[in-house]
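Student: So TrEMBL lists these for the protein:
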type    : residues                                                                                      : note
BINDING : GLY25, LEU26, ASP27, GLY28, ALA29, GLY30, LYS31, THR32, GLY71, ASN127, LYS128, GLN129, ASP130 : GTP binding site
BINDING : THR32, THR49                                                                                  : Mg(2+) binding site
Amino acid sequence: QRLLGILDNRVHIGPKMEIRVVTLGLDGAGKTTILFKLKQDEFMQPIPTIGFNVETVEYKNLKFTIWDVGGKHKLRPLWKHYYLNTQAVVFVVDSSHRDRVSEAHSELAKLLTEKELRDALLLIFANKQDVAGALSVEEITELLSVHKLCCGRSWYIQGCDARSGTGLYEGLDWLSRQLVAKKYKPLS
């Protein structure tokens, strides 16, 4: 606990650490809404992403370059073109669509086998927690089989509501702590 506090302080006084993040998930999960909420702190009615959006978000002296890649079925084979040099994957799941979670599981399982992503941190946003009947973080964790898929990988699932921003910064806090700890890991 104390070490993480020291590391957090160290990152605040040093130069900005640049982080490449790719945001993936099924179409309609809320990837673009999350990106623009983090960038501009406002809700923008998204349109389906054809291709990608890229934005820079500065947070806690970290500079995240976030690649938001379209999630429609025909675009998913293109995801692999965004993996190189990625330090973190943000995978967004629509918690309000129980019937699409198995499809999200399949896509997550595929991307976690990619060689270019083997060292990338994984932050899963269980989005749309504000919708009545939405699956809980625990249910999403179980249905995605995260414990099994992510064996040996640093991962975290954060419930969120992208429209209001609830939960987004808690997810970024986890990601920031992990990245700082990785970067400044003491030599043994």
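Start at 1 and count along the chain as shown; that gives each residue its number.
Cβ coordinates come from backbone N, Cα and C, glycine included.
Because the structure is a prediction, the values reported are computed rather than measured.
Can you walk me through where each of these features ends up in the structure?
Tutor: Cβ neighbour count for GLY71 (GTP binding site): 24 (other Cβ atoms within 10 Å of its Cβ, all protein chains included).
Taking Cβ-Cβ distances under 8 Å and a sequence gap of 6 or more within the same chain, the neighbours of THR49 (Mg(2+) binding site) are LYS31, THR32, ASP68, VAL69, GLY70, GLY71.
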Student: Would you say which of the binding-site residues LYS31, LYS128 has the most Cβ atoms within 10 Å of its own Cβ?
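Tutor: Comparing the binding-site residues LYS31, LYS128, the most crowded Cβ belongs to LYS31.
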Student: Below 8 Å Cβ to Cβ and six or more residues apart, same chain only. Which residues does that give for GLY25 (GTP binding site)?
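Tutor: For GLY25 (GTP binding site), the qualifying residues are LYS31, GLY71, PHE91, VAL92, VAL93, ASP94, ALA104, GLU107.
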Student: Sorted by position, what residues of the same chain at least six away from ASP130 (GTP binding site) have a C-beta under 8 A from it?
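Tutor: Spatial neighbours, sequence-distant, of ASP130 (GTP binding site): ASP161, ARG163, SER164, THR166.
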Student: Do any residues at least six apart in sequence from ALA29 (GTP binding site), in the same chain, have a Cβ closer than 8 Å to its Cβ, and if so which, in order?
Tutor: GLY71, VAL92, VAL93, ASP94, ALA104, ASN127
Student: Find, for the listed binding-site residues ASP27, THR32, the residue with the lowest Cβ contact count at a 10 Å cut-off, counting only other Cβ atoms.
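Tutor: Each of the binding-site residues ASP27, THR32 was scored; lowest Cβ tally within 10 Å is ASP27.
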